[in-house]
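What Swiss-Prot annotates here:
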{"type": "COMPBIAS", "residues": "183-195", "note": "compositional bias 'Low complexity'"}
{"type": "REGION", "residues": "183-203", "note": "region 'Disordered'"}
{"type": "ZN_FING", "residues": "27-48", "note": "zinc finger"}
{"type": "ZN_FING", "residues": "63-85", "note": "zinc finger"}
{"type": "ZN_FING", "residues": "91-113", "note": "zinc finger"}
{"type": "ZN_FING", "residues": "120-144", "note": "zinc finger"}
{"type": "ZN_FING", "residues": "153-176", "note": "zinc finger"}
{"type": "ZN_FING", "residues": "271-293", "note": "zinc finger"}
Amino acid sequence: MSLSSLDAVLSLIATSSTLDQDSAKVPQCQVCKRKFANQKTLRTHMKHITCRPGRSNVVNHKFRCENCEKQFTNKPNLKRHQITHSGSKSKKCSTCQRTFFREDQLQRHLHNHLKERSHFDCPVLNCSMQFVFYEGVENHLVNHHHFSYSESAPCGKCHKLFGSPRHLLVHYHFDHKEALRSSAPAPTSSARLSPITVSTSGSPRAQLAISPQEKPPQKLSINLGTSPMIEEFCEQNSATLPNTDQQLSPTLSPNEPRFRNLITSEPTPSFECKHCTIKFHDATMSIMHNALHAPGSPFKCAICGAECGNKIVFTMHIITASHDFGGIGT
């Protein structure tokens, strides 16, 4: 054997030995014998239920998909997966009409819709708490009603049990609240505008009663009281204020021309709040609204001094908080 041939053989042996050493260092799952590029991907793979330490017996009982060769630990999971191969998306979102293969995919999608809303009711029986943000009602269920993600949560309307507060909230607001809205008759034009009673008596209390959608509209009774801030505002704007004795009746009736115009036409607004851009067709309503803004801090409540931050939080605070309107400006 020539010297050059001997060198070629030794080089081949060294290369083969190096390849054997490199292959021995390749990360490999000891359960399913699958190889990975690095230890990080191997650790991620080992978290899978079929390849966790101590679960090697599961490998011998895998259920394999005939379409894509994926394997599952039980038959229900295999059937759930096979729905994606059927090509039929039978689950439809009632909000955006998007379709899905499986119920769990639809539930995750509805949860995203739910978090975009700005009004949430507590789904617990005999609890009337309402929230502006999704995080508020979810924390309320966990902290106040002591629901957890490891125990079933019951629906206050149909008493069904759900695996988490999130699933309960999706069920309650889409299955019950949406069904209630769709079954309710469309309100007439006169029902959309609740009767408004405006009183200029010296009562120290102003009451705002906003009827929920499930109930017929109620009267919105507002007393101006004897607040120094309102009196000062009235004096400064006396030239633009209507004569309440002649032009403002105690109760607006749908038969009155001014009320009928609100229904049949779109009049040009005369008064607008410079802070929250709410427009009014009546100077008295504009006065009452402007008196709620604290001087120098537009989103601070002039009644109780609460700092609200923006116009949405400010509006919800005025509607839901218990206030003594007679103390405005004092």
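Each Cβ is built from the backbone N, Cα and C atoms, and glycine gets one as well.
As the structure is a computational prediction, the values presented were derived from the model and not from experiment.
Applying DSSP to the zinc finger (63-85) sorts its residues as follows: 11 helix, 4 strand, 8 coil. Broken down by DSSP into helix, strand and coil, the zinc finger (120-144) contains 10 helix, 4 strand, 11 coil. Predicted-model confidence for the zinc finger (63-85) is 80, expressed as mean pLDDT.
Mapped onto DSSP helix, strand and coil, the zinc finger (27-48) counts 8 helix, 2 strand, 12 coil.
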